[in-house]
Amino acid sequence: MPNVKLPDGNVKHFEAPLTIYDVAHHISPGLAKAAIAGRVDGVLVDTSYLIKEDCSLIIVTEKHEDSLEIIRHSTAHLLAQAVKALFPSAQVTIGPVIEDGFYYDFAFERSFTPDDLSLIEAKMHELAKANLSITRRELPRNEAIQYFKDLGEEYKAKIIADIPENEALSLYRQGDFEDLCRGPHVPSTGFLKAFKLTKVAGAYWRGDSNNEMLQRIYGTAWADKKSLEEYLFRLEEAEKRDHRKLGKALDLFHFQDIAPGMVFWHPKGWTIYQELEHYMRNRLVDFGYQEIRTPQLVDRSLWEKSGHWANFRDEMFVTETENRHYAVKPMSCPCHVQIYNHGLKSYRDLPLRLSEFGNCHRCEPSGALHGLMRVRNMVQDDAHIFCTEDQIQSEVAMMLELVQSVYKDFGFTEIKYRLALRPEKRVGSDDVWDKAETALKLAMQGRNIEWVDAPGEGAFYGPKIECSLSDCLGRIWQCGTIQVDFSMPARLEASYVAEDGSKQTPVMLHRAILGSFERFMGILIEHYAGKLPLWLSPVQAIVLTISEKQNEYAEKVRKTLQKRGIRANFDLRNEKIGFKIREHTLQKIPYLLVVGDKEVENCQVAVRTRDGIDLGVMTIDTICDTLTQEIIRKGSI
């Protein structure tokens, strides 16, 4: 009879098989009432799961880390049940859990409207309030296919037809609705208390643009209403901060159908871009990098040698001229090896740090493009370090120092690190992998960095560190990468003469900090809601006149600011000063310098910030010094 080991180490002995719900009830009726699911010997199962043998058990409640995925998956089924109740001719397809929520795809003769979503959500609340029991049963594959065909659910039958014949399938029923699912699910619909449908969009069946278009309804679900409200607030804030809206409102950039996924930078947006590049260039010089430039169009022979032609061909833009095939480079790594290979290298030349603001193109699907966050033409802050195995740790430690310093200057202090470790299929010996993984760990320990191991998630050619930023809304953005590469240098015949005179292959370290300039700018715009730090603002100060009598003085102030390296402008229009202040505040200009007759007489300016703070009257030299010091301090403000 089963002995059940609980998380606190206690072992409960039972005289007969029993369900997880029964175990919870044995501990306390309150726990039984709160139980959502269980984890038996590490596997998530329903509370109705029958325990027959000795096992370890964790009872999952709303407070457990596993609860949200179960709640969201169950809510996706609740959505499908509501849609079928309101629109019986709709066919169900798939309904997975995604970050912060779920979606469900439906085949329906028309697009769902916002009014439809309101009706569906109301029906979901009705079904949740009914507290319908959720039960599980198994069916053989062929029976399941016929079952769904009889229901008129052709898409579901097609999904099951792709499953191996000998596999038993589980179905979950709630009320008169039953759906295919591995589970687990909450015990009843009454556990689903806090959810919201967020939007509807089109989606191709099985993600193939050659297939029919389905209707995808997105939603979010949480354990309680407070968490839901907090999430919806963050969602509302994210909508306000959408870099695409702010890019238009602040006249930074735009996109056009004539060049999908490629940015048209306006003067102010390009100013920010140039400031980013200037900043990164200076930091790289400080850390001993040599900047290079490599071609945009490269013969396919190089991509074949590097392995990109076989594995990345569909994402490359390819052209043909004079009977030769070329690819627009999707990444800079193979070209950097060509520069390394130009001339004999000795161990004394290592480490060799090469950097490039690499202009890359990738043929991303049009449906995946998303403002600056997902583009086809991006500039990456690429760097490749060629070194010996013994130099990996010191080089990675130096990279981490640079990563932390750069992110701090941009105002990001909460960084998450992930170490992707060896996969099953890999190149290189275990000894080499041991050495590389240990070097990465020691480098992070040396910087007092905490990280999460990701076993099996490294590339086949080496382990890597992923660096992710947390923005003001708590969203995580993976930007930086430090990747060890044992493969490409050998594939492209890179070598150096070792101290003993032998010919050796260097290790190649791929390194990016921003990731791509475009995406990083999108992150910055949303993080700061367009109110970029002074040093990044395209216009740092604007001089506003009260009347045309101050025009000459305003020009003098602007020129003085510009001579001090401050990006300044003026507004001489014959408009009320309140109108000017409001307009330039909406443009997120950090400092508004108002000049009237009194300021002209005393060679001063009245200083206001974009947040409406009155800093009083200052001399021109004082405001120049104030702004210059703030610019120098960068993200530490």
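Just so you know, the numbers here start at 1 and follow the chain as drawn.
Placement of Cβ uses the backbone N, Cα and C atoms for every residue, glycine included.
When the candidates Cys333, Cys335, Cys467, Cys472 are compared with the Zn(2+) site entry in Swiss-Prot, which names His384, His510, the shared residue is Cys333.
Remark: secondary structure over the domain 'TGS' (1-61) totals 14 helix, 23 strand, 24 coil, with classes taken from DSSP. Close to the recorded Zn(2+) site, the chain also has Met331, Ser332, His336, Asp382, Ala383, Gln483, Asp485, Met488, Met508, Leu509, Arg511: residues not among Cys333, His384, His510 whose Cβ is within 8 Å of the site's Cβ mean position. Cys333 (Zn(2+) binding site) carries a helical DSSP state (H, G or I).
For the binding-site residues His384, His510, counting C-beta atoms within 10 A of each C-beta gives the highest total at His384.
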